[in-house]
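Here is what TrEMBL records for this protein:
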REGION    1-21  region 'Disordered'
DOMAIN    17-279  domain 'Deacetylase sirtuin-type'
BINDING   45-49, 55-57, 127-130, 221-222, 245-247, Cys265  NAD(+) binding site
ACT_SITE  His147  active site, proton acceptor
BINDING   Cys155, Cys158, Cys179, Cys184  Zn(2+) binding site
REGION    344-372  region 'Disordered'
COMPBIAS  344-358  compositional bias 'Basic and acidic residues'
REGION    405-431  region 'Disordered'
COMPBIAS  405-422  compositional bias 'Polar residues'
Amino acid sequence: MGQENSSRQTDPDTSTRTLSSRSVEAIAEYIKDGRPKNIVVMTGAGISTSAGIPDFRSKDTGLYANLARLDLPYPEAVFDISYFRGKPEPFYVLAKELYPGKFFPTVAHSFVSLLDEKFMLMKLFTQNIDCLERRAGVPDDKIIEAHGSFATQRCIECKTEFPGDKMLEAVESGEVPHCFVPQCNGLVKPDIVFFGEGLPDSFFQHKHLPSMADLIIVMGTSLSVAPFSVLPQLAAEDTPRLLINKECVGDFGSRPDDVVLLDDCDSGIRKLADALGWRDELESMWSEVNGKAERDEKETLECARKEAMTKDEILEEVISELTADVEAALKLSNDHIERTMKQLEEEKNRSAVKDRIKSQPQSTSKTEFEAVPSTEIASAPLNIEWTVDEIPAKPLAMDSEAIIETTSPQNLPTGVTSASTPKENDVPYTI
Ligand SMILES: [Zn+2]
């Protein structure tokens, strides 16, 4: 697993320094031994593709391929600060598509959050601007958004921060927001790093952290944009480094404790979680986050929908809901009547079969019994017992008068005299 598929492998003869072997299992063993307390994770667009967010650098299937309709001189122009100054509209068309809230974290995002819960996460460096790490539960102070994010926004001229709710309104309506400061009226832009802009201060303040890490995990990045791409190289020579990516990137494969897992992020992280015995915990954490995200999303959409409705529309909806309730109740009632009628019909059939059984003479033969239609027998009450020769075990009904007439007076039950028999005067005793 892991290293064996790498196109650029560490020389097999090179002994590992820290890990027992160059494999995912060895990384898991290293983590379970409790040695790493300062794990630094680095992520790129690949961690968010399974969330449905287009890969910024995939020219065929990614975001760039969808930019043609924005009539840009070149695709990257949408993230170019000089182009934005003159024509901000294309960015806002795109922002509506990418704005956080429409996407949910992946299982790989949840793994980073799980590392933090286990007090192992030192810092997460991400190139993504989708805020899905925050949504997955990674604390803000553990995240360095190297290329900024949609979390905050400000005027590109006077740098005054712009309120989040106003930004959301602008993105939803597709209108370009402008600075509130009188006499400024500059363009407002999310704090994502455009071409031609420097990285945030927080990146430079924390970029030394990989050198202090005891494990580096890199996921879903081409490691092609400096200075982010340099971060994994800052780790100490004997610090294990794990790459989960579809291809080998950066200088991975050049060190004795490099483990390369050529896979997509979610599948690779599940392999690591399996090796760690954390799989159930990870999946339940991910489902919980996604369930909550979906519920929040539905609530927000429902609130927005209700706010946009007029009084008449609300009244109409209430009436329509009530009508639906009444119709449902009527249907229930009709179903009940139908069921009852059916039961009565069945009961009637059963009684008919019972009567026919009772009316058979005592010497009922098997042949005569078979004369009862099989469908009627099948619908006869289940509690009828059958003897081996198929004559009912229950004694056939007898005329009580016949019993009295053939019983000697001395055999009558106590208190019953021949005088009390109904027909004593009509039929003489035979004795
Ligand atoms: Zn301003």
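Along the chain as shown, residues are numbered 1 onward.
Yeah, the Cβs are placed from backbone N, Cα and C, and that goes for glycine too.
All features noted in TrEMBL, drawn onto the structure.
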residue : record                       : CB count, 10 Å
Ala45   : NAD(+) binding site          : 22
Ser48   : NAD(+) binding site          : 26
Asn128  : NAD(+) binding site          : 24
His147  : active site, proton acceptor : 21
Cys155  : Zn(2+) binding site          : 20
Cys158  : Zn(2+) binding site          : 13
Cys179  : Zn(2+) binding site          : 20
Cys184  : Zn(2+) binding site          : 12
Thr221  : NAD(+) binding site          : 28
Lys246  : NAD(+) binding site          : 14
For this session: Sort the residues of the compositional bias 'Basic and acidic residues' (344-358) into helix, strand and coil with DSSP and give the three counts.
Result: 15 helix, 0 strand, 0 coil
Seminar exercise, completed: Integer Å value for the Cα distance linking Cys184 (Zn(2+) binding site) with Thr221 (NAD(+) binding site) is 39
Problem set entry | Cys179 (Zn(2+) binding site) to Thr221 (NAD(+) binding site) - Cα separation in whole Å | 35
For this session: Could you measure between Cys158 (Zn(2+) binding site) and Ala45 (NAD(+) binding site) for me? Cα positions, answer in whole angstrom.
Result: 31
Problem set entry | the residue listed as 'active site, proton acceptor' and Ala45 (NAD(+) binding site), distance between Cα atoms, whole Å | 11
For this session: Using the centroid of the Cβ atoms of Cys155, Cys158, Cys179, Cys184 as reference, list every other same-chain residue with Cβ within 8 Å of it (recorded Zn(2+) site), in sequence order.
Result: Arg154, Ile156, Glu157, Lys159, Thr160, His178, Phe180, Val181, Asn185, Gly186, Val188
Seminar exercise, completed: Here the binding-site residues are Cys155, Thr221, Lys246, and the Cα closest to that of the residue listed as 'active site, proton acceptor' is found at Thr221
Exercise. Roughly how many Å separate the Cα of Thr221 (NAD(+) binding site) from that of Cys155 (Zn(2+) binding site), to the nearest whole number?
Worked result: 30
Exercise. Which binding-site residues from the list Ser48, Cys155, Cys158, Cys184, Lys246 come close to ligand 1, meaning a Cβ under 6 Å from one of its atoms?
Worked result: Cys155, Cys158, Cys184
